[in-house]
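Engineer: The following block contains the structure, expressed as structure tokens.
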Amino acid sequence: MSTTDTIVAQATPPGRGGVGILRVSGRAASEVAHAVLGKLPKPRYADYLPFKDVDGSTLDQGIALYFPGPNSFTGEDVLELQGHGGPVILDLLLKRILALPGLRIARPGEFSERAFLNDKLDLAQAEAIADLIDASSEQAARSAVNSLQGAFSARIHQLVEALTHLRIYVEAAIDFPDEEIDFLSDGKIEGQLNGVMADLEQVRTEARQGSLLREGMKVVIAGRPNAGKSSLLNALAGREAAIVTDIAGTTRDVLREHIHIDGMPLHIIDTAGLREANDEVERIGIERAWNEIEQADRVLFMVDGTTTDATEPAAIWPEFMARLPATLPITVVRNKADITGETLGLTKVNGHSLIRLSARTGEGIDLLRDHLKQSMGFTSNTEGGFLARRRHLQALETAARHLIQGHEQLVSAYAGELLAEELRLAQQSLSEITGEFSSDDLLGRIFSSFCIGK
């Protein structure tokens, strides 16, 4: 579809509401105003007007706002009609506007896409709009606002600027090899490169925090039947999310709870007890449990402390450990400490974390919460932080890899040309974050995930 068309969409959520907003962007916005309002509102002033149908009858009445480009969200002429939030009224008004020549419905995210294409936002800021709408906690919302205001982009621009200066220095060393000073071996370039690498690592650390705030951690509770898995889910959720009985195999399907630990989203998944099952329904539940386990960020291996004194996972259940992915982090949770009399606490056993607690009484649950937060490297202090997506982390990782390779070329071979190429590739990776270097396919995927009216 053409980006020069005039587009229209509902900017408020579908359904009934006190206010419903239609947004128009493009060259024909002023023509829409004359047709529907009978006049062009004064720019950036709220005008209370009737919204007219083609025969002159009134469809609705409300506030009209006109923002001439380039001083608008999209950088184009923008008209907003704020009327009553009934779906029938909004649909009639939308049909009225679409009947005008040159108007079409906006694609998902097209308003934000036009803001990006018209240099009103960079790509990271545009993504922050969607992240702000989807924020599931106060910290995530504040970090999304920081990203929208350019906090993340500013850090990326600082890195790109530092790489630009470094590339100039390296290119000069390559272009003037006959100078008395050997710029590649005098330590200045290496010092600057080390500084950029350190700054990049700091941004990566902050980005990982931002990614945790946005996406959270998927934690699967797994173990044998009647180990207390559902009781642990209820204790973490702070409510009776799962049915708890003394009957083994009560949980037969996957149960999901979304909670927060000091602002970090946590996706807790309770699964069916793992055993050889003859019942078809239970067997399907166990297969689903294994699917969730294999996709988890961490597994809480639930153990009934009254049935074994073992603390090493392989000794507790070797068949379970043999089936787990080798890189999957595990925390052994010895449950029913209120019965066994074990001392509550967190210890390390052969590289695995082990927590003793009572899911029934809630003793030790706070220790588990702190452990989950610390195991992901999450810190509650996100003042000035920003949200980050997986593509941002991948771009930062790629840039770091190119800088490491460039450093090796510098110190081992004084290979200026190869260093310059690695610096260029690192700069290109960073520019993908803000959209200064992005494929059309990438832009399409990003903006298609937005709301229609954004």
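Even glycines carry a Cβ here, placed using N, Cα and C.
What Swiss-Prot records for this protein is below:
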BINDING   Arg23, Glu80, Lys120, Lys454  (6S)-5-formyl-5,6,7,8-tetrahydrofolate binding site
BINDING   226-231, 245-251, 270-273, 335-338, 358-360  GTP binding site
BINDING   Asn226, Thr245, Ile247, Thr250  K(+) binding site
BINDING   Ser230, Thr251  Mg(2+) binding site
DOMAIN    216-377  domain 'TrmE-type G'
Engineer: To the nearest Å, how far is the Cα of Ser358 (GTP binding site) from the Cα of Lys120 ((6S)-5-formyl-5,6,7,8-tetrahydrofolate binding site)?
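Structural biologist: Lys120 ((6S)-5-formyl-5,6,7,8-tetrahydrofolate binding site) has its Cα 54 Å from the Cα of Ser358 (GTP binding site).
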Engineer: Out of Arg23, Lys120, Lys229, Lys336, which of the binding-site residues has the smallest number of neighbouring Cβ atoms within 10 Å?
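Structural biologist: Lys120, out of the binding-site residues Arg23, Lys120, Lys229, Lys336, has the fewest neighbouring Cβ atoms within 10 Å.
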Engineer: Near Ala272 (GTP binding site), which of the binding-site residues Arg23, Glu80, Lys120, Ser230 can be found within 10 Å, Cα to Cα?
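Structural biologist: So the list is Ser230.
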Engineer: Distance check, please: Cα of Lys229 (GTP binding site) against Cα of Arg23 ((6S)-5-formyl-5,6,7,8-tetrahydrofolate binding site), rounded to an integer number of angstrom.
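Structural biologist: The separation of the Cα atoms works out to 49 Å.
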Engineer: Measuring Cα to Cα, how far is Ser230 (Mg(2+) binding site) from Glu80 ((6S)-5-formyl-5,6,7,8-tetrahydrofolate binding site) in Å?
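Structural biologist: Counting only the Cα atoms, the answer is 50 Å.
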Engineer: Could you tell me which three-state DSSP class Arg23 ((6S)-5-formyl-5,6,7,8-tetrahydrofolate binding site) falls into?
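Structural biologist: Strand, per DSSP.
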Engineer: Inside 10 Å of the Cβ of Ser358 (GTP binding site), count up the other Cβ atoms and send me the figure.
Structural biologist: 23
Engineer: With H, G and I counted as helix, E and B as strand and the rest as coil, say where DSSP puts Ser358 (GTP binding site).
Structural biologist: coil
Engineer: Would you report the average pLDDT that the model assigns to the domain 'TrmE-type G' (216-377)?
Structural biologist: 84
Engineer: For the binding-site residues Asn226, Ser230, which one has the sparsest Cβ surroundings, going by other Cβ atoms within 10 Å?
Structural biologist: Asn226
Engineer: Where's the emptiest Cβ shell within 10 Å among the binding-site residues Glu80, Ala272?
Structural biologist: Glu80
Engineer: Give the distance between the Cα atoms of Glu80 ((6S)-5-formyl-5,6,7,8-tetrahydrofolate binding site) and Lys336 (GTP binding site), rounded to the nearest whole Å.
Structural biologist: 60
Engineer: How long is the line from the C-alpha of Lys336 (GTP binding site) to the C-alpha of Lys120 ((6S)-5-formyl-5,6,7,8-tetrahydrofolate binding site), rounded to the nearest angstrom?
Structural biologist: 57
Engineer: Rounded to a whole angstrom, what is the C-alpha distance between Asn226 (GTP binding site) and Arg23 ((6S)-5-formyl-5,6,7,8-tetrahydrofolate binding site)?
Structural biologist: 55
Engineer: Using DSSP reduced to three states, classify Glu80 ((6S)-5-formyl-5,6,7,8-tetrahydrofolate binding site) as helix, strand or coil.
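Structural biologist: Where Glu80 ((6S)-5-formyl-5,6,7,8-tetrahydrofolate binding site) sits, the three-state DSSP reduction gives strand.
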